[in-house]
Amino acid sequence: MSAIARPPTTAGAVTNPIRVMVVDDSVVIRGLVGRWVDEDPQLAVVASHRNGRLAVEDVQRSNPDVVILDIEMPDMDGLTALPLLLERKKDLVVVVASTLTRRNAEISLKALSLGAADYVPKPESNSGVTTSPEFRRELVEKVLNLGLRARARSQGRSGVVAPAHHPTPPGAIAPRAAPAGAVMPRAGARTGSFTVRGYSSVRPRILAIGSSTGGPQALNALFGEIGSSMGQVPVVVTQHMPPTFTAILAEHIAKAAGRPAAEGKDGEVLQPGRIYVAPGGRHMVLAKNGADVAIRLTDGPPVNFCKPAVDPLFHTVAEIYGNATLALVLTGMGADGAEGIREIGKLGGSVIAQDEESSVVWGMPGAAAHTGMCSDVLPLPEIGRKVSRILLGGRP
């Protein structure tokens, strides 16, 4: 489940709602989703279609901001329709809805690579959709947040989605004394409205990554850049995703990085050069096992509305690796990871957050940036180059 931050309702948003097209071959689903959307004063259904062909033919006339796109439909399926929709409306946001089968998970990740903004796992039956408050909440909130973000960008305004809690104002945290080998915060160093710290002078012994909305695309790009440089450290990743999706994500990461990648297994000892992805539906944390560090999978309640969540992983990374930590917070809604970032920063580790412009949603990385514990806030391509240099022993 993804962390969702709901933007405040404003008079402008109500008088100029986000325009939504619903595309699904089930008349029941179209009616239900359409009703959910219309019940939100910041959203309005402007078109509803039973297949991709009709959606493509109508997208310029109806001019939606967001399309909710089913995968399996007659005449023209969602994957075929997706590039045609984006070709006809360049700034269109497409949210793919699919059931949790391996085939549909593969197709959903393929859709992300073709330009879809996000996906929502859909219950397998109409009755399941009707009785799933989680599906309704996640779908409506993603449509709203992504629609507002896209509209703000098109109008040249900030598209920041507010995190789930009020971020700590810059400078409000007084850092603890840094461990030996760590670089103290750079006095007065600021990027935009947030303070940045110095990097640790200790070479990282682990790379920890957290991401959510837009994360699969960002992770593939990142690992394509850093794969050749990460042979000396293990890499742990928490991406907000349901079961089935995370296993396929790991396969995609392995191809991008040219390194072994898989879902983490309980008790598995971390090895340099390998990538461990938190499995959907479980929290992945780390624990000391003699001289080794091992993965522990826990079945506790969601954290920050997410399972897996980034904060549990980052907290244990901080405890074990301290100032030898390099952590990244990539695109995503909400504020998951911010508390873990505080711990990593206080113990002298290095943190890089993705910048607003290159993020699909600047919720998680924005919250991380505003902790005052980040060493840098960078565009995604620069993150890859910076991480490669650090992992190879170069200066940040």
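Note: Cβ is positioned from N, Cα and C throughout, glycine not excepted.
Because the structure is a prediction, the values reported are computed rather than measured.
Residues or ranges marked as active site in TrEMBL: S212, H240, D336. Annotation source TrEMBL lists domain 'Response regulatory' at 19-137. Annotation source TrEMBL lists domain 'CheB-type methylesterase' at 198-387. What TrEMBL records for D70 is 4-aspartylphosphate. If you look up TrEMBL, you'll see 155-176 marked as region 'Disordered'.
Structure with TrEMBL features highlighted.
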| residue | record | CB count, 10 Å |
| --- | --- | --- |
| D70 | 4-aspartylphosphate | 26 |
| S212 | active site | 32 |
| H240 | active site | 29 |
| D336 | active site | 33 |
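In this structure, the C-alpha atom of D336 (active site) lies 28 angstrom from that of the residue listed as '4-aspartylphosphate'. Under DSSP, the residues of the domain 'Response regulatory' (19-137) split into helix, strand and coil as follows: 57 helix, 29 strand, 33 coil. In this structure the C-alpha atoms belonging to D70 (4-aspartylphosphate) and H240 (active site) are separated by 21 Å. Classification of D336 (active site) by DSSP places it in coil, neither helical nor stranded. The average pLDDT computed for the domain 'Response regulatory' (19-137) is 94. Annotated pair H240 (active site) and S212 (active site), C-alpha to C-alpha distance, rounded: 5 Å.
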